[in-house]
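A.B. asks: According to TrEMBL, the record shows the following:
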BINDING   G36, S37, G38, K39, G40, T41, R149, K192  ATP binding site
BINDING   R62, K83, I84, V85, G110, F111, P112, R113, R153, R164  ribonucleoside 5'-phosphate binding site
BINDING   N117  CMP binding site
Amino acid sequence: MGSEVDAPAVDSTKVVNGCLSNDKKVTVVFVLGGPGSGKGTQCANIVKYFGFTHLSAGDLLRAEIKSGSENGTMIQNMIKEGKIVPSEVTVKLLQRAMQESRNNKFLIDGFPRNEENRAAFEKVTGIKPEFVLFFNCSEEEMEKRLLSRNEGRVDDNNETIRKRFKVFVESSIPVIEYYDAKSKVRKVDAGKSIDEVFEAVKSIFTPAN
Ligand SMILES: Nc1ncnc2c1ncn2[C@@H]1O[C@H](COP(=O)(O)OP(=O)(O)O)[C@@H](O)[C@H]1O
Ligand SMILES: Nc1ccn([C@@H]2O[C@H](COP(=O)(O)OP(=O)(O)O)[C@@H](O)[C@H]2O)c(=O)n1
Ligand SMILES: [Mg+2]
């Protein structure tokens, strides 16, 4: 099926270069989509049905703030402004989480959010995604969902939501286009109900034979 060059799982040498210390092959799916498009919700379903480990870049960054890390204040300020945290920080968190996991299949949610994220991850880990799951949703629907998410997040307010939408269009869409040019994007209509969206997701993760 896929070409040799685009083989999804990296070979063990590359992974060792990227400091995943053991000999395991790693499969990564990037899960992208605007804020509120349902990435986290669908990832929870995919974990249950398909045995992936869910790594949310946003959750890892929020945990880093809580842990009292020296970067905490900087991360908090960037999240409040809807800005993208420097890749050095986020890639390290993702890499550590993959190393600590006993799984070899990861959903990386909300990452890469810009070209710098994309290039840094690939350079540091040597990992290329198997595919990119893209949740396509209107801003109107995403805004409605974010304003009723009720998780007490500092960025789920009108002002920050505007900024996050702008960053998504200007910085994250180009990453999706980059992978689309490589035929790696699996696009889902995320404006439907949670169950309907998951039906579409399932068909993407279920190998056709
Ligand atoms: N298909 C859907 N229809 C309606 N609400 C949804 C749907 N998917 C998720 N939600 C809700 O919208 C909010 C944002 O979803 P979430 O999964 O956190 O999105 P993201 O991680 O992309 O920001 C949550 O409160 C979630 O329960
Ligand atoms: N790759 C990433 C992911 C998130 N973030 C920051 O974390 C915020 C929240 O990300 P998130 O993925 O939890 O947000 P949602 O899209 O799930 O609503 C983003 O707006 C960024 O400020 C980042 O800087 N870099
Ligand atoms: Mg999320």
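Using N, Cα and C of the backbone, Cβ positions are placed for all residues, glycine too.
Automated prediction, rather than curation, is the source of TrEMBL annotations.
Keep in mind that what you see is a predicted model, and the values were worked out from it rather than measured.
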A.B. asks: Which residues, sitting 6 or more apart from R149 (ATP binding site) on the same chain, put a CB under 8 Å from its CB?
C.D. replies: G36, D156
A.B. asks: Checking the contact step here: among the binding-site residues R62, I84, G110, P112, N117, R153, which have a Cα within 10 Å of the Cα of K39 (ATP binding site)?
C.D. replies: G110
A.B. asks: For the binding-site residues G40, G110, work out the Cβ neighbour count at 10 Å and name the residue with the minimum.
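C.D. replies: Result for the binding-site residues G40, G110: minimum number of other Cβ atoms within 10 Å at G40.
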A.B. asks: Can you tell me how far the Cα of S37 (ATP binding site) sits from the Cα of G110 (ribonucleoside 5'-phosphate binding site), in Å?
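C.D. replies: Here the two Cα atoms are 11 Å apart.
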A.B. asks: Which of the binding-site residues G36, T41, P112, N117 have a Cβ less than 6 Å from any atom of ligand 3?
C.D. replies: none
A.B. asks: Please give me the CB contact count at 10 A for T41 (ATP binding site), counting all chains in the structure.
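C.D. replies: Other Cβ atoms found within 10 Å: 15.
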A.B. asks: Check the Cα-Cα distances from the residue listed as 'CMP binding site' to the binding-site residues G40, T41, I84, K192 and tell me which is shortest.
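C.D. replies: Considering only the listed binding-site residues, the nearest one is I84.
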A.B. asks: What's the number of neighbouring CB atoms sitting within 10 A of the CB on K39 (ATP binding site)?
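C.D. replies: Excluding its own Cβ, the number within 10 Å is 23.
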A.B. asks: If you skip the near sequence neighbours and keep only those at least six away, which residues in the chain come within under 8 angstroms of I84 (ribonucleoside 5'-phosphate binding site), Cβ to Cβ?
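C.D. replies: Long-range Cβ contacts: M78, R113, N114, E116, N117, V167, S171.
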A.B. asks: Given the binding-site residues G36, G38, P112, which one is most crowded in terms of C-beta atoms within 10 angstroms?
C.D. replies: P112
A.B. asks: Near ligand 1, which of the binding-site residues G36, G40, T41, P112 have CB less than 6 Å from any of its atoms?
C.D. replies: G36, G40, T41
